[in-house]
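Heads up, the thing below is written out as structure tokens.
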Amino acid sequence: MVSNPLLGAALHAVGALSSSSCYTPQKKTTAWSWEIYWIAQASFAWLILPILGAFLTIPNYMEVLSSVPSEVMWRSFGLGAIYGIGGLTFGLGIRYIGFSLNYAIAIGISAGLGTIFPLIWNPNDGFVWLLDDKFSTTPGKIVLAGILLSLVGILYCGWAGALREKANAGAVGGGNRSESPFSFRIGVPLAIMAGVLSALFNFALLAGEPLEKAALAEGASDLLKMNAIYPFSNGGAFLTNFIGCLFLIRRNGTASQLIRLPKEGGGNLGFYYLMALLSGAFWYFQFFFYGMGHANMGQTYGFTSWALHMSMLILFSNIYGFVFREWEGTDGRPKRILHLGMAIIVVATLVITYGNYLGEQ
């Protein structure tokens, strides 16, 4: 197909917006414990919808699977499972250093490693060194500048969030954290681990590339070929999160919430499952559109898809922060830093897109 980096960036933006939206339905499920909500939405995001999506969009999907060596699927599944561990450590990191700082560290590392490291090592080909080949040309240097800019923008957004959380903690408790588990010593290593492990989802997608080729051979669209991978990459993530949630359900004795809500919570159980479905759909559709965006970025610099997705995820997440009035009462300095970070991300997106465009000429 003829690539269109501008359309690709727009599709990545739709995917990032979908990803940023995926936790908003959780605000309507306050009677559920975290682990019940998480296992419900994970079932849709990482198991049910990827399987449905593959069978609905990939012609002769069973023939596609039978034509690909089983180790391809196991490799993608295994890397997805490790990514799933990253999701759990991400949640723990929020507990110790807050949402914004944890998000900036984890997503920043994921964006950097998930974009650059596949140019050094590929799960299908082993060690490769493509850095000189990709970044020695004028388009490559522009793309690299855009990637570095996106990381700077992510860090600025995280800095702003950390200042906001520090100010809020001081306003509420006079700066006394004795009743809070806030700890840089614990939280920062957890965020770093989450970032490293989360980058492996991109490797899970790379490991599944033979499935894409087999899907194309069966008549799948270039825009939808990546859907052939998601039952395995997402399925691995579901397994580790399912195990983690089962542990919490057993420890907290919350299994009954799967079939009835706590009396003090009120609400309708069917509505809660609908919110879990909506949350899972938002998460799944981020990569539905990611696949279409990636197909349009072109062969030469298509690896920039991961950086684009991660940086725009940060951008839209912070926009949601304003929509939900999370920044009300915050003084001017954190907001100015946040606005600067968001502006840098927008510029970085344009720079990466322009570099991709030049590389495809």
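The backbone N, Cα and C atoms fix where each Cβ goes, and this holds for glycine too.
Just so you know, TrEMBL annotations never went through curation; they're auto-generated.
As written in TrEMBL, here are the features:
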type	residues	note
TRANSMEM	36-56	transmembrane segment
TRANSMEM	76-94	transmembrane segment
TRANSMEM	101-121	transmembrane segment
TRANSMEM	141-163	transmembrane segment
TRANSMEM	184-208	transmembrane segment
TRANSMEM	228-249	transmembrane segment
TRANSMEM	270-291	transmembrane segment
TRANSMEM	303-325	transmembrane segment
TRANSMEM	337-357	transmembrane segment
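Here the transmembrane segment (36-56) lies next to the transmembrane segment (228-249) in space: the count of CB pairs under 8 Å, restricted to residues six or more apart, reaches at least 3. Of the Cβ pairs linking the transmembrane segment (76-94) with the transmembrane segment (228-249) and spaced 6 or more residues apart, 3 or more are under 8 Å, so the two regions touch. Non-local neighbours of the transmembrane segment (303-325) in the same chain are 8-9, 12-13, 15-17, 19-21, 24, 103-104, 107, 110-112, 114-115, 118-119, 134, 143, 146-147, 150-151, 153-154, 157, 161, 199, 202, 286, 290, 293-294, 297, 338, 341-342, 345-346, 348-349, 352-353, 355-356; each lies 6+ residues outside the stretch with a CB under 8 Å from one of its CB atoms. Away from its own ends, the transmembrane segment (337-357) comes close to residues 3, 5-6, 8-9, 13, 139-147, 149-150, 152-161, 163, 297-298, 300-302, 304, 307-308, 311-312, 314-315, 318-319, 327 of its chain (Cβ-Cβ under 8 Å, at least six residues beyond either end).
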